[in-house]
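Student: Residues annotated as Mg(2+) binding site in TrEMBL: D5, I7, D8.
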Amino acid sequence: MWIIDPIDGTMNFVHQKRNFAISIGIFENGVGKIGLIYDVIHDELYHAIKGEGAYMNDILLPPLKDVEIEKAIVGINPTWAIESPYFDAKPFARLVRDVRGTRTIGSAALELCLYCKRQK
C-alpha cells in the first residue's frame with residue numbers, strides 16, 4: 001500500500017512559508033518498508049528502507065538515540081492536546097505535561113527529518 005501526502009505542511013505552502021514537504025510511505029502486509037520525504041525548498045531527499053538505515057540525499061544518518069521523556073523536546077500540533085470530538089486528547093495532554101518542551105514547524109514529516117539530521 002502506498003501512502004502519499006503531496007503537501008505535508010499545507011498551510012505553510014499556502015502562505016508561502018518554507019516548511020512543507022512531499023512524503024511517501026510504502027507498506028507491505030501492514031509493515032512500513034520504504035519512506036521518502038522531499039524537502040522542496042532545500043532540495044533534500046530523506047529516505048529509509050527497513051533494515052538499511054536512513055539517508056539525507058546519499059548521506060547515512062546516525063541511528064536515533066533513546067532519550068528519557070523528561071528530557072525530550074517533542075514535535076506536536078498543539079491542537080492535539082485540547083479536547084476534541086474526533087479523538088482522545090488526554091494522552092497528548094499528558095505527553096505535553098511530561099516532556100521538557102514542545103515545538104512545531106507545521107510539517108510533521110520535516111520535523112522528523114530535522115530531528116534525524118541534527119541527532120548527535
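Backbone N, Cα and C define each Cβ position, glycine as well.
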Student: On the three-state reduction of DSSP, what should I expect for I7 (Mg(2+) binding site)?
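Tutor: Its secondary structure by DSSP: strand.
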Student: Least buried of the binding-site residues D5, D8, going by other Cβ atoms within 10 Å?
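Tutor: Each of the binding-site residues D5, D8 was scored; lowest Cβ tally within 10 Å is D5.
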Student: Suppose we draw a 10 Å sphere around the Cβ of I7 (Mg(2+) binding site). How many other Cβ atoms does it contain, all chains included?
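Tutor: Around the Cβ of I7 (Mg(2+) binding site), 15 other Cβ atoms lie within 10 Å.
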Student: Would you list the other residues of this chain near Mg(2+) - those whose C-beta lies within 8 angstroms of the C-beta centroid of D5, I7, D8 - in sequence order?
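Tutor: What remains near the Cβ centre is P6, G9, T10, F20, A21, I22, S23, S107, A109.
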